[in-house]
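**Q** Can you keep this structure in mind? I'll have questions shortly.
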Amino acid sequence: MSTQRGLLIVLSGPSGVGKGTVRSAIFEDSNCDYVYSVSATTRQRRPGETDGVDYFFISKEGFEDLISQEALLEYAEYVGNYYGTPLASIEESLSQGKDVFLEIEVQGARKVRERMPEGIFIFLAPPSLNELESRLTDRGTDSKEVIARRMNKAKEEIELMSHYDYVVVNDQIHTAVNEINAIIKSEHLRVERVMNSIQADINAYFEKEANQS
Ligand code: 5GP
């Protein structure tokens, strides 16, 4: 029987909603068997980050080469840096039947939706805008002005929610993780995904019966 193609799972949502934290929690679980799509970026490596694990940290020129070679599924410029999803490793994993997990910002998710509409698009939403503002303030990395700009941007980004298949509210991390895993599990049980293997079983049974009679 041929291998069932893996699922492409895209987790996105506004800046500051906790996409990275939720994604790390998903991958910390030893039962997690999704393949994380490591992005390429031109931003500086932060302490504790590993090249090839958290990101492929590359130069602007290197990134522009990837763009011209059409080696990226999507890319976006975000706060002055490029971020992009390498295409080749995704295709390889999907064709091996592995589920591939992308955690990207909303412009990128939009482009993936255009190119791979069969993906599963999950929007991570903040419990409230007040909570989002507190999270951005608690990060301590942005001025009041920048936070105000990010809040306006978040409003626009939240309005893009209708382009997604599912919404998960990131109130408690473990609840968000469980909900995302439940979504992926049910997507595997869709009739169109399961039907082929059941049909193959039926065919094999009746072929055997016919050969025996
Ligand atoms: P950070 O610099 O905090 O690691 O990531 C900044 C933003 O870039 C986050 O919203 C993250 O989801 C997003 N991001 C990470 N990788 C990619 C990618 O390959 N493509 C796009 N479009 N966004 C990405």
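Any Cβ shown, glycine's included, is placed from N, Cα and C.
Sharing the feature lines straight out of TrEMBL:
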- 6-185: domain 'Guanylate kinase-like' (DOMAIN)
- G13, P14, S15, G16, V17, G18, K19, G20: ATP binding site (BINDING)
**Q** Taking DSSP three-state, what's K19 (ATP binding site) in: helix, strand or coil?
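**A** DSSP assigns K19 (ATP binding site) to helix.
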**Q** Can you give me the residues near the recorded ATP site, meaning same chain, not G13, P14, S15, G16, V17, G18, K19, G20 themselves, Cβ no more than 8 Å from the center of the site's Cβ atoms?
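**A** Other same-chain residues near the ATP site: L124, P126, N170.
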**Q** With the Cβ under 6 Å from ligand 1 as the test, give me the qualifying entries from the binding-site residues G13, P14, G16, V17, K19.
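**A** K19, in sequence order.
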**Q** Please give the average pLDDT for the domain 'Guanylate kinase-like' (6-185) in this predicted model.
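**A** 95, rounded to a whole number.
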**Q** Might you list, by sequence position, any residue in that chain lying six or more from G13 (ATP binding site) with a Cβ less than 8 Å away from its Cβ?
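**A** For G13 (ATP binding site), the qualifying residues are K19, V106, F123, L124, A125, P126, E157, N170.
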**Q** Just to confirm: which same-chain residues, 6+ apart in sequence, have a Cβ under 8 Å from the Cβ of G18 (ATP binding site)?
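**A** The list for G18 (ATP binding site) reads L124, P126, R135, N170, I173, A176, given in order along the sequence.
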**Q** Give the sequence-ordered list of residues that share a chain with P14 (ATP binding site), lie 6 or more positions from it, and have CB atoms under 8 Å from its CB.
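**A** Expected: V106, A125, P126, L132, K153, A154, E157, I158.
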**Q** Please report the number of other Cβ atoms within 10 Å of the Cβ of K19 (ATP binding site).
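**A** Taking every protein chain into account, the count is 20.
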**Q** Out of S15, G16, V17, G20, which has the highest number of nearby Cβ atoms, where nearby means within 10 Å of its Cβ, if these are the binding-site residues?
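**A** Max Cβ neighbours within 10 Å, all protein chains included: V17.
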